[in-house]
Amino acid sequence: MTALLKIDGLRKRFGGNEAVKNVSFEVNPGECVVLAGDNGAGKSTVIKMISGVYQPTDGKVYMNGALLTGKTPEAVRTAGIETIYQDLALADNLDPGLNLYLGREAVKHVLRFPYLDRKKMREDAAKVMLSLGIVVPDPAAPVREMSGGQRQAIAIARAIHWQAGIVIMDEPTAALGVPEQREVMALIERLKKQGVGIILISHNLPDIFAAADRIIVLARGVVAGERRPAETNDEEIVRMMMGATL
Amino acid sequence: MTDNTVNGSNTNTKPGGTSFVRSLLNAWSWLFLILILGFFEIYAQTQTGSTLLFRIYNLQAISIAASQILLLGLGLTLVIVAGHIDLSIAFSTGFAAVVMALIIRTAGADAGWVTVILAMLAGLGAAALVGAVNGWLVAILNVPSFIGTLGTYGIARGAALIVAGGATVSIRNDHTRAFGNGDILGLPVPLVVAAVLTLICHYLLKHTRFGAHTYALGANRASVERAGVNVKKHLILLFILSAFTAGIGGLIYTSRFSAGAANAGEPILLYAVAAVFIGGASLTGGQGTITGTVIGAFIIAVIQFGLVFCGLPPYWQFVAVGLVIIVAVLVDQSKDRLMGGKS
């Protein structure tokens, strides 16, 4: 199987501090790769180099064989890599449709004047949400009236609707209650079934084991180890997370 | 709905009983407007044997007062929806009024239509300049809009007083007077101008991508930024729009009274801000509509006119409008509590 996303020798230096030293891994379609590691291990820096927010000091990122390194965050998103941030970046006062289309709103013309096509946006949102197993009770209601899991689903729906090949999720369950954490894990399963490759950042062990096809442990800017969940256990992962310091 | 597996833990389901209260709270400004109209009408009928509602003169006076408030409040609505405020509109109005009047006075009493129109454009340019400075301060220099526009409030006030030489610039020009006091299809010009601008602003805010971005900006700046919208440019355009509608208020002032005064907009600032909040906007941004602002402006205009109509000293209007503002904020808060979200 050819990799969807290939990360090759990424390095990032901030002044005298080398946050990421040498990180390489691949993500295949329909696979969930968990980047695990303690705070300061370099997880976020790696993610930002993939999404185009940081430019790496060295190393390259390929999507479907095409070089991504050096592109702007917008260009990276167009290439099919969608990042879902912890805070979701939803506009709480707008309906799911507008949130799905934010920045790329659908427009129809009435007497030559452009009008927002709210109906189309709402229908599309409901459709994508349904493919994630979520029935939107009132498609015209603002998203602040929805539960944490449903809101997460909107952010994920955005990635699906714009046909992302890779979805990066930064601590998606960090701010959620237990039932909503389960909703998010169910969403990740559905994304995988749709052939989307997922990079999940987490330091929550139950999440890691529930979602991962592969676990890549980062410690002090390097890959401390790579395991399949079946081959390992909590203890070993924690040891690897701490490893470089021992 | 059997495949609704992820929806199981929806904790936000609202009991049916509150939905009635919610729609009542949403429509409260309409109800309030009807209530005060009814009150003043009953007062007029029973106490003085006259009528408030069924005389064209009264309705005209109320709608002209409302148009004045609206001209300052329309652009302001978009600024407030985006989560900011524009205090400088008070003197964008005055600045535009004075600049227009000065040019017409310099051109002389027999200045023609072309001169009048050029003078109006110059007045609008002066107002737009204030808006551009506001936009630059808020969008580029990240100055909080309350402070930034308080600064330009002072600067525009000074600039207007300086160009006017500290006095009211009176003019004698038939075209100007005909415009300010004329009719279009039987409706007073200020009302028609305010109505057209209302429609434009409503369209902008409700039906365009620009409007959607304005709402999103008010709720969560990161949401629009990450969606690739140029937020700085958007903010600058909003402040120019706000100064622009206020500037048109200045042109109407000069045309109606044949005089440009630096403080033409000052007494209306509070009313304009109040109209926007009575109309359902929230200080934290993300909420508010042009329809709401129109109702807010009419509520204030009816209170202004009604109290005087009842023979109360005009100062009571300040008390009454102040009370309505507080009620509006209380309604907004209870709405938030009912609808979840911020509280």
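Just so you know, glycine gets a Cβ as well, placed from its N, Cα and C.
Note that the coordinates shown come from a computational prediction; the quantities given were computed from them, not determined experimentally.
If you check TrEMBL, you get these features:
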type	residues	note
TRANSMEM	B:27-44	transmembrane segment
TRANSMEM	B:56-81	transmembrane segment
TRANSMEM	B:87-104	transmembrane segment
TRANSMEM	B:116-141	transmembrane segment
TRANSMEM	B:184-205	transmembrane segment
TRANSMEM	B:235-255	transmembrane segment
TRANSMEM	B:267-283	transmembrane segment
TRANSMEM	B:290-309	transmembrane segment
TRANSMEM	B:315-332	transmembrane segment
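The list of residues near the transmembrane segment (B:267-283) in space but at least 6 beyond its ends in sequence, with Cβ under 8 angstroms from a Cβ of it, reads 26, 29, 68-70, 72-73, 76-77, 80-81, 85, 87, 89-90, 93, 249, 289, 291-297, 299-300, 321, 324-325, 328-329, 332, 336. When each of the listed stretches B:27-44, B:56-81, B:235-255 is scored by C-beta pairs under 8 angstroms to the transmembrane segment (B:87-104), B:235-255 comes out highest.
Only pairs six or more apart in sequence are counted, and the transmembrane segment (B:235-255) with the transmembrane segment (B:290-309) gives fewer than three Cβ pairs under 8 Å, not enough to call it a contact. Residues 50-53, 278-280, 292, 295-296, 298-299, 302-303, 306, 309-310, 324, 327-328, 331 of the same chain lie 6+ residues outside the transmembrane segment (B:27-44) yet bring a C-beta within less than 8 angstroms of a C-beta in it.
Of the candidate ranges B:56-81, B:116-141, B:184-205, B:56-81 has the most C-beta pairs within less than 8 angstroms of the transmembrane segment (B:290-309). Proximity of distant same-chain residues to the transmembrane segment (B:184-205), defined by a Cβ-Cβ separation under 8 Å and at least 6 residues beyond the stretch ends, is recorded for 60, 63-64, 66-68, 70-71, 74-75, 77-78, 81, 211, 214-215, 241, 245, 248, 252, 255-256, 289-291, 294.
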